[in-house]
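What TrEMBL says about this protein:
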- B:28-206: domain 'Heme-copper oxidase subunit III family profile' (DOMAIN)
- B:29-49: transmembrane segment (TRANSMEM)
- B:69-88: transmembrane segment (TRANSMEM)
- B:100-118: transmembrane segment (TRANSMEM)
- B:138-163: transmembrane segment (TRANSMEM)
- B:184-205: transmembrane segment (TRANSMEM)
Amino acid sequence: MTARRLAWVWLVLVAVTLVSWATASKDSVSEGAAAVAVALAFLKAGLVGWEFMDLRRAPAWLAGVFGAWVVVVGAVLVVLSLS
Amino acid sequence: MSAPVVTRPSATVSEGAGTARRVPGEPGVWLLVLLDMSVFAVLFVAFLLDRRNEPEAFAAGQADLTLVLGLVNTLVLVTSSALVAGVVRRSRAGVGGTERLLLGSLACGVVFGVLKVVEWAHLLDKGVEPDTGTYSMWFFVLTGLHLVHLLIGSLGLVTLLVIGRRDAHREVAADRRALVEVVATYWHMVDLLWLVIFPLVYLGAS
């Protein structure tokens, strides 16, 4: 990973954090906004795994297990946030 | 808040050796990381199921939190994770300059821990304790368990700093590079878990 790529990933993580904070930090937060914040968190978790933990260059089984955690747990938590 | 990695010229460090697929660090640390992530996943689901049963009480409990502390801690931990990724990058390339990055990531960890303790003290002052209600119980359990992981990860970073200074004038051994990747993998998990805890605990429907 180049320093430039690393810096971009960091910037995206910071930007997405600020977006989720801005959409779900009002006095009255809807279930939809809360669910979006959870979905964005799993997007960031996937990015941390793929880039920082270097799963993009890891064996398929490891990237698959990690990806399954992000997708399955993320989907369950988003659904639970909505209901 | 700025990360030194942002300004570091990329041309000075080449990519790691080869492009073959390999497990970062050791398979053992991944087993630990995936087990930890699974345990936290169960806790996250249980937290949201309880929230469904007591939405008003959870919203009231969430209102006692200082949101900006959660936001700052998220940014601090993301920055720390990026710095550690920079350490791995330089370690793989076999070049020096990792100490500043390690110190930066450790400093972020310390800031996170201090802010977390300040937040707990603030809540306890307000009379919010772990047995005050279901929400406060979950708040202290999730953030407390996470803080334990952060402390373990910080010990790992300190270990890398100590070993780095001891071996400053020797050629970097392959097993040390593996240790760097093990600690980094664990530290990224600490970051990743907090990324999920933040919206669940601080940004729920109210």
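Placed from the backbone N, Cα and C atoms, the Cβ positions cover glycine too.
When each of B:29-49, B:69-88, B:138-163, B:184-205 is checked for Cβ pairs under 8 Å to the transmembrane segment (B:100-118), B:69-88 comes out on top.
Against the transmembrane segment (B:184-205), the recorded stretches B:29-49, B:69-88, B:138-163 differ in Cβ pairs under 8 Å, and the greatest number is found for B:69-88. The domain 'Heme-copper oxidase subunit III family profile' (B:28-206) scores a mean pLDDT of 93 in the predicted structure. Away from its own ends, the transmembrane segment (B:138-163) comes close to residues 36, 40, 43, 47, 50, 61, 65, 84, 87, 98-99, 102-103, 105-106, 109-110, 112-113, 116, 119-120, 123, 129-130, 176, 179-180, 182-183, 186-187, 189-190, 193-194, 197, 200-201 of its chain (Cβ-Cβ under 8 Å, at least six residues beyond either end).
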